[in-house]
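**Q** Take a look at this one; I'll ask things after.
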Amino acid sequence: MTNPFAEAQQFNALIQASPVATAIYTGPDVTICMVNQLMLNLWDRDAAVIGKPLEKALPELEGQPFIGLLKNVFQTGETYETRESKAELLRDGQLRTFYFDFTYKPIPGPDGKIAYIFHTAVDITQMVEARNQLADTKEWLTLSLSSAGTGTWDLDTLNNTVRWDARCRELFGFAGDEHIPYDAALSCIHPADEPAVRQAVINALNPKADDQYDIRYRTIGQKDGRLRWVHCKGKAYFNGEGLAYRFAGTVYDITEEVHARQRERQLLRLVDDNANHMTIADMSGQLIYMNHAAKHLVGVLETEDITLLSAKDFYDAEELARVQNTILKQITEEDGWKGLITLRNKITKEPIPCEVSYMLIRDPETGEVIGRGANARDLRPEIKAKAELKLLATIVDISEDFCNYCDLDGGTLYMNAAGRQLIGLKEQDIKGSNMFAYHSADSSRVIHEVILPQLLTDGRWSGPLELVHQQTGEIIPIHKQLFIICDEFTGKPVAFAGIARDLRPELTFRKALDERNSELQNTVQELNFLADSVPSVVWTSKPDGNLDYINQRWNERGGTALEDSLGTGWANGLHPDDLPAALAAWSESLQTGNPYQIEFRIKDKKGEYRWWLVRALPLRNEAGEIVKWYGTNTDITEQKELQRQKDDFLGIASHELKTPITSIKAYAQVMQKLFLRSGDNRNADLVGKMNRQINRLNSLVGDLLDVTKISAGRLQFNYETFDFNQLVEEVIEDVQPTTTKHLIKKALSFKKELTGDRDRISQVITNLLTNAIKYSPEANEIIIYTEDYNGEAKLCVQDFGIGISSEKKDKVFEQFYRVSGTQEYTFPGLGLGLYISSEIINRLGGKIWVTSVEGKGSTFCFSLPVKQLSI
Ligand code: ADP
């Protein structure tokens, strides 16, 4: 027989030892008959509850289903089992929610009826709460992700399907919730980014690579075609075999962020490249940013670290103090600060006047003022332009030309002083005046009909117009230039400006010029007439020697046509023998400016050569330059013929005279000897006088003969080497007896021998000595001296007689020249001695000259080379 007590004891011990909370109820009122400590803990009760009906022991169960359920198990005998059942139990006097998995199991008594209910409960409150919490967290995460625009994705790599949330689908442009294979997802990636994405996925799925999947790329919406930037992050999960079974992560839209960054970059670029000078400094004045233009302006190198620069690099001391102590304090949040500041170039120290605007910069997040931005505009170009404009305005103001500026209706907006004076308008009347009122009726019509339309198409017009003097009504002819002025921004014409020149002085001048021209024309005609009427051929030449004018006389005389003789054509008709000398003399004159004088032959109309004496003189300007040559050709054919006849006559005459004179001289000498011998001294003396006259006659005839020889070019020279000194001594010896009054003094220092014609040189010395005696009748001495003259022989004969005036000095060497005057007849002679002498000296290659003072005496000199050659 079983001991119920002992059984109960054992049972109780069993229940107590049970790892789950356990209670046993009995009877229809559900009395607690056994309960273990775990159950008591759940109930937060002690053993005192044993023996009490459950609804008494745990009054808080009222209104909950448990008592009913237990009663039902008693009645039905069916086990009741439930999970995660919620129960409100007292704990520390407070009702709290717990969750239990519990079982009400009926235990039949010996009578087969239900005697007990076996209640086991497992407290899963913590688990349920944790799960709820997890669910909450998940929900919260999803919520926060979706509110942040983040989508989640989960790739089942084994089955190659993707689980995407709605946001994710949206970001890839999928509508609805259709099944999306992985490849479809890939096809949404921008082609340019796809390779990188594929590579990133491969890396992420490589267990060894341990790569985080973190990539930014573009998607092109599958359905909507929209381009989005997304940021994708994810992680692969690997199984034991290292195979990725899951690859999940988030994706969020960074389109805005990318665009914002792009905008930021564009903005920075804009600021960087902006022509204005921009800087940002923090509130301590430390520079943070400076754009290129600013750096360039103040002389900061691109490579320089701007944070190392100090404000005093950019201002002089005074301006720095003003900026720091005054301006920076005046920057307000609403208006910033705007005004003029003079910056300074760090390198060149050049002051730079700038218009600067400051603004305060706030942190958009915190609203705190974090810096100052400055925007500076270099005013130098403006200042320069203003100065130039002012200068221009001044120039226009003081211009002597008429300057005005009108609106399109002709209303005068401006007129300078010269303009006002020209038309007699007062300054205060300008504003009310209209240009059509101060232009003549004709001009106003032209302005309306022609000029304004042209101005509007071409922008400018110039031409003659007429103004009207506002007080006198005088019509003032002007030359006007008109320009259209357009609005700088719209480009539409707004006004026109005019500059006019008073043509009256010009017209007066032109009239005077015309008069003068016609006068000149008349004079030229007169001169032409005059030139044509003179018997000579008259011509002019340019400084280069080309003839540019020949008078009509040429047509009568010249063999070539007048036009063909211009330039250098005249030379064509020249006698070939005369041409070289003529050209040489002409070119010498052109070069030296010396007068041109030559005789040459030119063919006439009949083809016969005629002799011309050609003379030309240069006309020089104020600077002394030759501007023209004026020449005459005088026909001297007849003179030449007469000369030839004279020469012929002289030649024949002197030649014919020479023989009888020689005979007479011989007879006279014989007669003189006979008289002397017979002692008839008187007759001998007379014959002696006759003899001297015969000598004179002989010498005169000799001179004439020489002249004819010279003219015919037949003067012969006999060359020999002789002692010059001895020759001079001999001549003195011969001449001294011809005078009783004069003593010939000598100073002969040239001792060398000469080669030349001894007799002809003797003739020259004799001639000089006899002249000296002849033309110094009051003097009693004559000096003859010789000396070495640059290696040549020089001889001079000095007398103290009547002398020669300077203007006649050079003529004495000309043929038949005799100094005219009262004394002419006092001194007999033909005027041939010096002519012959100069011919001889010149032909021997020497020079002859005279220095003389009228009334005091003359010195005639010649020089001869030591070796003279026939020329
Ligand atoms: P003439 O036969 O007249 O002397 P010349 O040819 O010898 O001819 O001289 C030319 C002129 O030169 C002279 O008529 C004379 O007027 C001037 N004359 C020459 N020699 C002298 C002189 N020694 N003193 C002054 N006049 C001179």
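Numbers run from 1 along the shown chain.
Glycine is no exception: its Cβ is also placed from the backbone N, Cα and C atoms.
In case it helps, TrEMBL gives these features for our protein:
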DOMAIN    78-136  domain 'PAC'
DOMAIN    137-208  domain 'PAS'
DOMAIN    213-266  domain 'PAC'
DOMAIN    263-335  domain 'PAS'
DOMAIN    407-459  domain 'PAS'
DOMAIN    523-593  domain 'PAS'
DOMAIN    596-648  domain 'PAC'
DOMAIN    652-868  domain 'Histidine kinase'
**Q** In this predicted model, what is the average pLDDT of the domain 'PAC' (78-136)?
**A** 88
**Q** Counting each residue once, how many in the domain 'PAS' (523-593) are helix, strand and coil under DSSP?
**A** 39 helix, 12 strand, 20 coil
**Q** Just give the helix, strand and coil counts over the domain 'PAS' (407-459), going by DSSP.
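**A** In the domain 'PAS' (407-459), the DSSP-based counts are 28 helix, 8 strand, 17 coil.
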**Q** By DSSP, what is the split of the domain 'PAC' (78-136) into helix, strand and coil residues?
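**A** Per-class counts: 12 helix, 37 strand, 10 coil.
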